[in-house]
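Student: One structure follows; several queries about it will come next.
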Amino acid sequence: MFSTLKNAFKDKEIRNKIYFTLFILLLYRIGANITVPGINVKAITQVAQTGLVPMLDTVSGGGLDNYSIFSLGVSPYITAQIVIQLLQMDIVPTLVEWGKQGEVGRRKTNQVTRYLTLVVAFVQSIGITLGFNALTQMGLVKNQTPQTYVEIAIIMTAGTMLLTWLGDEITDKGLGNGVSVIIFAGIIARLPSGLYQIYKEEIINNSASDRWQGILFFIAVIVAILIVTQLVTWVEQADRRIPIQYTRRATISGSESFLPLKVNVSGVIPVIFASSFIVTPATILMAFQRTQGDQQWFKVMNQIFSLQTTPGVIIYTLLIILFTFFYAFVQVNPEKLAENLQKQGAYIPSVWPGKDTQDYVSKMLIKLSTVGSIFLGLVALLPQLATNFWNLPSSIGLGGTSLLIVIGVVLELSRQINGLLMKREYVGFIR
């Protein structure tokens, strides 16, 4: 990894991409510390450690702990993406048609996603402001008028749209997927405070007689992080190599060709999607906290969309598994893959080209996604269950989710840099 970075900084184009990405992240971190006007910052500390705030911060990359202009982060954009991609599955004919139009269709889809992001962000802004205001005994918003709530929602929505645009700029001119990189940066920024929270609760606040137990627990947390990091890295890099043969040429070198399919084809996207799927309804529910908090329907919905309850954690895990299968077929389209192999005169041994190849790849994706989804689900589930059962700090509960995102983004950045370096070497060799 370090040698890759060293070589990357020697190349001017890659170096500029790194600097551009860091510059955008600097702008993001500055915005994450600018509090929305009209908000009582002291009041937000009362709810800063509730289950929703750390979760929303994790999935959005925002700065909800100080109610910044980037409080919602990219969460509304992720929610909009989920909705649009689901509607493209033979539900809305227009969206399905756009999916087949290549770059032109992609631009149209992105435009609709932006419009939907505006709506989701505005609704979430109203919901979360009303909810947090109720939780802080009406102390969050200084001037509690409808106009003030609308103004706050407009500012937070504008922050989301700006952050989404910055993410697109990273994707186009920097390194990695912009949205994932922003979420990654938010998690990294909170990492020191998360570790300090564990250190404070388990060591500093413990009595002298129990302090050794806190020290052992803190060491155990560090060891667990290292072990999970290694496991996630191994699974993220593991792949199934399907042998490929060509009818139109002979392999002079004697080397075999492979079609590599990752064990976790979807990467960290299922975790981000599942988190957003839980957080979005939870933020909207907060708007009804004060008026409907005692109603049965509210209690049921609050159980479902909360990671502090066992049903909520189970649903969250099932969503990760579901999105893993769904996004695997988005990342690798068996029909297009079979078509491209046939055009190149390539085939899988013992498998007929065309429909048989498509079915074979689909079955392989299902098998790989089964392993990948169970692994992702367990990494996200176990720390959260431990937190709920033993009343551990919330940073531990979200540790699995955070690790999955951080490691996934780091590996993706490493792969992209290596790809750019190989491209430079290849171009230099041709010249």
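Backbone N, Cα and C atoms are what each Cβ position is placed from, and that goes for glycine too.
Look at Swiss-Prot and you will find 18-38, 67-87, 115-135, 150-170, 178-198, 215-235, 268-288, 312-332, 365-385, 392-412 tagged as transmembrane segment, backed by sequence analysis.
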Student: Do we see three or more Cβ pairs under 8 Å linking the transmembrane segment (365-385) and the transmembrane segment (215-235), pairs being at least 6 apart in sequence?
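Tutor: Output yes: the transmembrane segment (365-385) sits against the transmembrane segment (215-235).
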Student: Report the listed stretch (18-38, 67-87, 115-135, 178-198, 215-235) having the maximum count of Cβ pairs within less than 8 Å of the transmembrane segment (150-170).
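Tutor: The stretch I would name here is 67-87.
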Student: So which of 18-38, 115-135, 268-288, 312-332 is most in touch with the transmembrane segment (178-198), counting Cβ pairs under 8 Å?
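Tutor: The listed stretch sharing the most Cβ pairs with the transmembrane segment (178-198) is 18-38.
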Student: Please give the sequence-distant neighbours of the transmembrane segment (18-38): residues at least 6 beyond its ends with Cβ less than 8 Å from one of its Cβ atoms.
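Tutor: Same-chain contacts beyond the ends: 8-9, 61-63, 66-71, 141-143, 148, 151-152, 155-156, 159, 162-163, 166, 169-170, 173-176, 178, 181-182, 185-186, 189.
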Student: I need to check the long-range neighbours of the transmembrane segment (268-288): which residues 6 or more away from its ends have a CB within less than 8 Å of a CB in the stretch?
Tutor: 52, 55-56, 58-60, 75-76, 78-79, 81-82, 120, 123-124, 126-128, 130-132, 134-135, 179-180, 183, 298, 301-302, 305-307, 312, 315-316, 319-324, 326-327, 373, 376, 380, 401, 404-405, 408-409
